[in-house]
Amino acid sequence: MLDKMIDEITRTGTSVETMRLRRQIRLSNQVGLFGAVATVPYQLFYLVYDIGYFLPVFVFNLLFIAVYLSGLLLNRSGRHGYARNLVLINACTQIFVVTYFIGAGAGVQLFYFAIGTILALIIRQDYARSLAVLLGLVSVLYLFCHFRFAQGTTPIPSPWGELAYGVSAVFAVMLAGGYSYLFRVAIDAAETRLVESNRALEKLSTTDPLTGLANRRRLDQFLRKEWARTTRREHALSVLMCDVDSFKLFNDIYGHQAGDECLRRIGTLLDEILQRPSDFAARYGGEEFVVVLPQTGEEGARYMAEQIRAAVETLAIPHPESGVASVVTLSVGVSTLAPEQSPLSSQLLAQADAALYQAKAGGRNRVVFLNIDAPDNY
């Protein structure tokens, strides 16, 4: 519950376009929130121990807390640069003022180390010189407070001063480490989103938007990979080139919307028929589809081609004008690369295309197989 509330607060004003700016806004919100929260234990000590004695530093701390929280309001209103500068200047000023009052013995000046960490995280890479100057300034402030305000005007008495030093040291380390961790989490999340976006874009670039099958680009990649694996391990590789019979006539009669629906149904059918994870189907272009069957010889390829041809006919998509049947049908050309053969993958595809041509010339709605070396069908 608490972590969700903190997360919600630190996201204030982060509805901006760039990821870098969102990280910077969130970091300045964290500085404002944690700066205010880290002040509270000191305030409670002043109240309980002797509010009259610590009244000046107590009042100043109230002002500093108000400024920290106003940084969140500035981020909410879109004034991100003002918010970042305000909380950082406020933090440096608070450390200086509080050390002036209660002395360096309380260790408040140690928080300058946390400020240095925050600056390194929040300053843009192209402002490296500005970062070096700011880190030098923070170092000077630390040294000045440590040596110049050794006693303080209203120092915390022993043993509370030593305890305060320990608390300050722990808080400073926790804040520096905490800011670095949160920043790293934000970067990891951004990298994860980037990887997911790249994967989504890659999928879009290799997927046919109409059928959801792989497109020709993905087919070329897959075929090259499988061809290399086949020649290396001496496995058979088969390719099926499929073409919807008289599809142009179907489009002319029933319209492109019906044509698209026909192709979608055939694409879905191919995806359902191919059960092995290694099998691959792609839309080759227009009304043509290609099926790649790794580790499949002639007999298996013939069987699968006939299964696909018969299944398309079973869809019973009306097409009485096709001249082949009363429904949409499919012609399939098949070619197989035997283990002892080593042609190029493009030759295997070309041979399947030649087999398809023979299937079309032979009357359509049939399967024709061509051996990779043979000019005639079997």
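Glycine residues also receive a Cβ, built from the backbone N, Cα and C atoms like all the rest.
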Pick from 27-45, 274-292, 312-330, 350-368: which range does TrEMBL record as transmembrane segment?
27-45
Counting by DSSP, what is the helix, strand and coil composition of the domain 'GGDEF' (235-372)?
63 helix, 36 strand, 39 coil
